[in-house]
């Protein structure tokens, strides 16, 4: 019985790139190799406009499950490779069609003749291949406009690819082509989605989390570690910086008027994150802010908070409503972790009436009454840093180390 031997990957947005496309292709190939480490028999060949993954006996479903989370892949097809002879092509098309799952009633044939010396023209091949499928199936008809299955045949010199099963990739650009950012990872629903969408644009992320023991628990800290771990499904690794924030928050609560405590707290977070970004050679800061969602996410608040950093602040969720954000969180696997009922530092010392239109002048005046610099230095110096990788990759590395 014929089975899938290849997966053909299409790049999508990467095809719009010019002279630097080779960098994008190389990065994507590297990311795919990392993602498929578990499958030692696989061979990958990346060309200018497509990637070919030779399965060599590996389970195509298991491989496909990992490919769907790799940014930079627009679509991919499970494919069979047959000799470029009419009878072989007909048999391959039927075999591929019969492997399609689900309620299939209609199909069409699409032929692309890369090898122009093939003895039959496209219009001659269509009825030959389609007729063979009709003769060997029941209750199946041709529908060229809206078929359940499109049987794609690519004819080349010496061999042809037969494809039916087309699957969507994650889209976007390969992680690593767009530099690095620091993402503020609070533990809520929004910030992991912001990290995901940032990675989708080809940007590597490192996460910064502020925790305030004993006001925040170890379980709240573990929740953030689990979120960062979940995000590794979409990249090679996530470096997480856990910043002790208790003394900063206690001082803000004592020295700053309550209406401005939230604004000043966010400004301190930005200052600390900028310091870490400088250490880690990051180029921007990403947050999970959505315009108007809470008091610290009004335009006035963002204007005042942005003052303390020279780094670009990326806000992927800025125009989304909560339901849109939740939908993405559910799709990427972070929602159930985010809703664990453990408080983060943003809920500590929450003012009754936070300013929704804070002014820079007032924030600067309040901060000038106390020197926060030593507290910022201490928070940066005492941060805990951990590197998280996909669980399967870590297990493979530990298994390898046990051999020595």
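Yeah, the Cβs are placed from backbone N, Cα and C, and that goes for glycine too.
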From 167, 266, 267, the one annotated by Swiss-Prot with 184, 185, 209, 210, 288, 297 for ATP: 266
DSSP state at residue 185 (ATP binding site), helix/strand/coil: coil
Chain-internal residues near residue 297 (ATP binding site), provided their CB is under 8 angstroms and they sit 6+ positions away: 289, 290, 291
Conformational class of residue 297 (ATP binding site) under the three-state DSSP mapping: helix
Three-class DSSP secondary structure - residue 288 (ATP binding site): coil
Under 8 Å by Cβ from residue 266 (ATP binding site), same chain, sequence gap 6 or more: 296, 301, 305
Residue among the binding-site residues 184, 185 whose Cβ has the most other Cβ atoms within 10 Å: 185
Farthest-apart CA atoms of 184, 185, 209, 210, 266, 288, 297, residues recorded for ATP, distance in Å: 18
